[in-house]
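These come from TrEMBL:
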TRANSMEM  29-52  transmembrane segment
TRANSMEM  230-251  transmembrane segment
TRANSMEM  257-275  transmembrane segment
TRANSMEM  313-334  transmembrane segment
TRANSMEM  359-383  transmembrane segment
TRANSMEM  448-476  transmembrane segment
TRANSMEM  496-520  transmembrane segment
TRANSMEM  598-621  transmembrane segment
TRANSMEM  633-651  transmembrane segment
């Protein structure tokens with residue numbers, strides 16, 4: 001007698017007369033992971049408290065003088081002195097600046113930057129000039145002190161040059177006159193020792209002093225743009241929210257029509273984008289400098305420069321054309337399957353109509369994610385600013401103690417000062433040698449990992465909650481009479497009470513994959529200068545593999561949460577049952593589920609396109625009606641990009657309810673086909689319109 005071969009993907013579900021939807025009598029699952037998650041959260045709170053007690057965000061807000069004091073900090077003697085002044089900017093031309101990010105010259109906080117040429121020798125002869133000069137000197141300078149004594153003690157700079165503030169720092173006001181570099185309209189200046197110097201000598205100092213500030217300048221401009229346009233951005237996001245809500249409501253009553261409207265509108269929006277890019281490309285023909293390639297121009301902090309190049313618009317046009325062609329081809333090949341997907345969307349609309357509070361659940365998810373992101377960001381800032389000020393010896397002549405750490409309080413009587421009379425003990429950077437500072441990178445890593453874990457947990461909680469609510473509707477024999485009251489709240493309670501461990505398990509697996517991807521990106525960034533092709537290829541393969549793995553884990557997790565919400569099993573059992581169920585119905589998965597996801601994606605794309613086009617014409621000033629209303633910005637793409645990304649997230653939030661509803665109904669629909677056969681004893685619970693599309697009917701129904 002031969003043994004029966006077991007089915008490759010498990011036995012189909014058997015009919016169970018007692019099954020009425022999500023099981024009420026269930027027990028806690030994956031308890032070990034639940035305990036581990038709670039311990040990890042307690043550790044996360046401990047890291048936050050430690051960071052908040054040690055960190056100081058003022059270090060990234062205010063410039064710091066040679067004593068490590070913050071310029072312009074409210075409530076301190078330097079409150080009105082918000083600018084950082086360099087005694088000798090030319091010392092910043094030293095290559096060491098690029099390594100240590102600190103100029104080897106005295107830096108002090110001042111109220112305003114100097115606005116005229118003045119040497120100490122010249123100022124000393126005039127009481128009024130000397131009083132002005134002393135505002136750029138250290139404390140303790142008197143009219144009775146001689147010039148040699150002042151310079152020997154390093155109390156004053158030897159000269160002042162006209163300067164302008166840049167990122168709260170005083171830099172020489174360099175200009176160009178007759179092809180010559182000038183400062184204060186002069187091509188030469190007195191360096192304070194009686195020697196006339198060329199203004200171009202200041203260039204290297206300014207260049208090195210600003211090399212660290214260029215990125216900060218862009219950030220400051222972007223921040224300024226946000227302060228000018230934030231309320232318009234909010235209005236754009238509100239429009240996106242209302243548009244998304246309108247689409248959801250229309251889908252509830254006009255699902256079939258709205259799907260075809262979405263398809264046509266997406267094609268039209270992309271077509272208009274291609275047309276607009278072509279018009280911009282054609283308009284730049286013959287313009288001076290418009291034919292420069294992107295490779296030739298390199299990276300520019302002023303991104304509007306790229307919009308003056310024909311190649312930029314050509315690239316946009318090609319990308320949009322490729323997307324347009326792909327979408328049209330997919331629609332042609334999937335035209336017969338779209339009808340089935342529309343039936344599934346109609347049923348999802350009907351389900352959401354009976355579980356209306358599910359539409360507002362994404363707001364709760366957004367709130368929890370906002371808390372997680374805010375906690376991570378604040379902790380990261382405090383951790384990165386929890387170092388102590390480090391002071392180093394800076395000198396102009398040879399010295400054995402050069403670049404060694406020092407103590408500014410007693411430096412004047414120290415051995416270093418005795419052996420190197422012209423040296424100074426200046427603030428260098430923030431660091432530390434304590435045990436806390438040694439493990440700071442580990443704490444930052446823990447902060448990032450827990451951020452991923454908590455964010456994925458919040459997302460998983462939303463998926464399981466919605467799955468439980470929608471499954472309650474599907475398995476109700478008499479809809480909607482048999483649907484339990486407040487299905488979303490009931491499902492949320494079950495998920496937190498019984499399945500916190502399952503949610504933590506699934507989100508932990510996903511977080512591990514994501515943190516590995518982050519480490520690979522960091523490694524790729526560090527090895528960009530390497531020319532080893534084998535290493536680059538291996539790294540590229542690893543990044544691709546882990547990207548695919550992340551997508552697979554998300555897919556498995558999502559379906560595992562649906563099965564857990566229905567049957568109350570642990571993560572591994574639910575994942576296995578969901579996977580086997582999908583594999584037993586692989587063709588239906590490819591046909592129905594993915595086509596529906598594609599249609600919902602078109603809906604999100606349409607909302608982003610409509611709001612993005614509106615934002616582009618408003619902020620770019622292309623429409624005369626908005627010229628006086630739109631704010632004047634450094635980079636008008638900042639609010640446009642913010643509105644576009646925000647619109648996608650908002651649309652994704654609303655459509656994610658639909659996507660979760662479709663996925664839940666789809667799994668329930670597959671189980672319905674396996675459990676029941678349409679007979680009077682085992683009738684299908686799927687809605688009538690879905691049965692018609694699939695040519696299924698209950699035997700109790702009259703023949704057509």
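Heads up, the Cβ atoms here are built off N, Cα and C, so glycines get one too.
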Same-chain residues at least 6 beyond the ends of the transmembrane segment (359-383) whose Cβ lies under 8 Å from its Cβ atoms:
47-48, 51-52, 54-57, 60, 245, 248, 352, 440, 443-444, 447-448, 450-451, 454-455, 458-459, 461-462, 465-466, 488, 653-654, 656-657
Among 29-52, 230-251, 496-520, 598-621, 633-651, which stretch has the highest count of C-beta pairs below 8 Å with the transmembrane segment (448-476)?
496-520
So are the transmembrane segment (496-520) and the transmembrane segment (29-52) touching or not, going by 3+ C-beta pairs under 8 A with a sequence gap of 6 or more?
yes
Same chain, outside the transmembrane segment (29-52) by at least 6, Cβ under 8 Å from its Cβ: which residues?
375, 378-379, 382-383, 386, 436, 443, 446-447, 450, 453-454, 457, 498-502, 504-505, 508, 564, 568-571
For the transmembrane segment (230-251), name the stretch out of 257-275, 598-621, 633-651 with the most CB-CB pairs under 8 Å.
633-651
Would you mind listing the long-range same-chain contacts of the transmembrane segment (257-275), meaning Cβ under 8 Å and 6+ residues beyond its ends?
247, 250-251, 316-317, 320-321, 323-324, 327-328, 331, 338, 341-342, 345, 599, 602-603, 605-606, 609-610, 613
